[in-house]
Amino acid sequence: MQKLKQQVFEANMDLPRYGLVTFTWGNVSAIDRERGLVVIKPSGVAYETMKADDMVVVDMSGKVVEGAYRPSSDTATHLELYRRCPSLGGIVHTHSTHATAWAQAGLAIPALGTTHADYFFGDIPCTRGLSEEEVQGEYELNTGKVIIETLGNAEPLHTPGIVVYQHGPFAWGKDAHDAVHNAVVMEEVAKMAWIARGINPQLNHIDSFLMNKHFMRKHGPNAYYGQK
């Protein structure tokens, strides 16, 4: 697990490097599917002092199997997403400014241009609000459940992120570094959408044919973006 702990540590350290977190407002995890184990950031540990050995290993029930610290308070959310979405290898949660602003406004981040379409096939959805019962009960687990509910039948890697109403963004990918990459993109397109709608409040969504072209040339069966 040492290699995965190092990867998760590096991915967590990318969050302040890319300006996605303030203080300890974020966490990254990754899963070893063969072993059924998840590595996640410890709860409340400052990035300035954190080390790879501080990463916490939990099983799929959330039981700590390795590590001196308590795991992130959002662990149950991560675990629910891993259980329900077999294609996910890494998950990120932040309170990055612009994506969180859309979450607090209760609005999906609209697909307005090709930067968005290169990564997200359509709007980045916003979940419904959790009920008082859901919050007072198993809050973090129910956060994961409302994310799954909002995704519906969508392929998670075609919509590699979501904003949770009144909370903030979650992003994911094939591994921890891919998840962070998608979290960075989500924050950037959230900022772009906010600026663009400020310039033109009547701005329409990107044309569907342009959306399809940009997403499929990177992620479709006949993708040709980048090097093989």
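Glycine residues also receive a Cβ, built from the backbone N, Cα and C atoms like all the rest.
Annotation source Swiss-Prot lists active site, proton donor/acceptor at Asp118, Tyr225. Among the features that Swiss-Prot reports, substrate binding site is placed at Gly26, Asn27, Ser43, Gly44, Ser72, Ser73. According to Swiss-Prot, the feature Zn(2+) binding site maps to Asp74, His93, His95, His167.
Positions of the features from Swiss-Prot, shown on the structure.
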residue	record	Cβ contacts under 8 Å, 6 or more apart
Gly26	substrate binding site	Asn12, Leu15, Leu20, Lys41, Val92, His93, Thr94, His95
Ser43	substrate binding site	Tyr69, Arg70, Pro71, Ser72, Ser73
Gly44	substrate binding site	Thr24
Asp74	Zn(2+) binding site	Asn27, His93, Glu140, Thr143
His167	Zn(2+) binding site	Thr100, Ala103, Thr143
Tyr225	active site, proton donor/acceptor	Arg217, Lys218
Sparsest Cβ environment (other Cβ within 10 Å) among binding-site residues Asn27, Ser72, Ser73 belongs to Ser73
If you rank the binding-site residues His93, His95 by how many other Cβ atoms lie within 10 Å of their Cβ, the lowest count goes to His95
DSSP, reduced to three states, assigns Gly26 (substrate binding site) to strand
Same-chain shell around Zn(2+) excluding Asp74, His93, His95, His167, C-beta within 8 angstroms of the CB centroid, reads Trp25, Gly26, Asn27, Thr77, Thr94, Val164, Gly168, Pro169, Phe170
Listed in sequence order, the residues of the same chain lying six or more positions from Asp118 (active site, proton donor/acceptor) whose CB sits under 8 Å from its CB are Val185, His214, Phe215, Lys218
Apart from the site residues Gly26, Asn27, Ser43, Gly44, Ser72, Ser73, the 8 Å Cβ neighbourhood of the substrate centroid comprises Thr24, Ile40, Lys41, Pro42, Val45, Pro71, Asp74
